[in-house]
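Single-structure report; data block below.
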Amino acid sequence: MALSRLMIRDFRNISVADLSLAADFNFLVGANGSGKTSVLEAIYTLGHGRAFRSLQSGRVIRHEQPEFVLHGRIEAGNVDARATSVGLSRNRLGDSTVRIDGSDGHKVAELAQLLPMQLITPEGFTLLNGGPKYRRAFMDWGCFHNEPGFFTAWSNLRRLLKQRNAALRQVSRYQQLRVWDQELIPLANRISEWRADYSAAIAADITATCAQFLPEFRLDFSFQRGWDKESDFGELLERQFERDRALTYTASGPHKADFRIRAEGVPVEDILSRGQLKLLMCALRLAQGEFLTHRNGRRCLYLIDDFASELDTGRRRLLAERLKATHAQVFVSAVSADQIRDIPDEKGKMFKVEQGKISLQSEV
């Protein structure tokens, strides 16, 4: 699976771009502020319905323009398979239109299914040293792409938790919450089981990849479901009713789950250097993408912003070799071509980005 064509209109500082893309490596080279990260963000938005640098739609629409428009052509990688066209537009009011093969009315989740991707940015350390929500997102990405019923269950869980938290401000007895909990409890257990199963299944891939990237450390991974593992979730909700009512939110549940990572028994953020943390982040993203390939034959896109950040020459070369081994489509941004010369025998296309203008510089 690869994007063979990308069209961008009025996104960030890019007025218009129509790019024919390589199935392997695509390099975006330009000075800071030139727009190379905007290209990566356009691809990410096409597959997620939102940007990775801003949650506000208006901030990614080019100045004084009413909307942004993104289009892509997805090649399945099979000679006999038909290509799929996808599109996303959004105006300043936040109204979106998702198009697949020319028809409207589709959902962003359908784009995400068609375009699985892994993002590596200088801000991506939050996966390791940020709050649990970032690691829940890591697990949920895997569950979304491996469990057909996950997205519906996850959406219903969010809705029920929101309703339950609102009800906690109004009720005086637990019995008044049962209408929500009767639906919430089986959903919570199902989602927790999916996350636990996914965490256990991907552990071998993560361990093997981390052994290549950080052989000097013994790394341990553990899934925490968000409530005491010895407790029945339904009984816990009833037992913690007064506490939840005082807090006005549900204090325990799958929305509090975490995926903890330790090095030599210590939280990784307390022992690893910035360069080592980036390698670990890359290892996790690569392992997750490769697990998807092993499980169902689908390949991720890898988006890597500021390739050289935090990495010395040896580590850049190691990352490049592992990316090549995935046989996936990769997009890499760099300030100069010198920063990507560590990718051995690189094949693909190099684009020059300057003040929002994108031009093909070379093709190997």
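Each residue, glycine too, has its Cβ placed from N, Cα and C.
What Swiss-Prot says about this protein:
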BINDING   Gly30, Ala31, Asn32, Gly33, Ser34, Gly35, Lys36, Thr37  ATP binding site
Cβ-Cβ neighbours of Lys36 (ATP binding site) (radius 10 Å): 26
Neighbours of Gly30, Ala31, Asn32, Gly33, Ser34, Gly35, Lys36, Thr37 excl. site residues, C-beta within 8 Å of centre, ATP: Ser38, Ser333, Val335, Val353, Glu354
Lowest local Cβ density among Asn32, Ser34, Thr37, which the record lists as binding-site residues, within 10 Å: Asn32
Collapsed DSSP category at Thr37 (ATP binding site): helix
Under 8 Å by Cβ from Gly35 (ATP binding site), counting only residues of that chain that are 6 or more apart: Arg12, Asn13, Ile14, Val353, Glu354, Gln355, Gly356, Lys357, Ile358
Cβ neighbour count (within 10 Å, all chains shown) around Gly33 (ATP binding site): 12
Neighbouring C-beta atoms (10 Å sphere around the C-beta of Gly30 (ATP binding site)): 22
Cβ packing number for Ala31 (ATP binding site), 10 Å threshold: 12
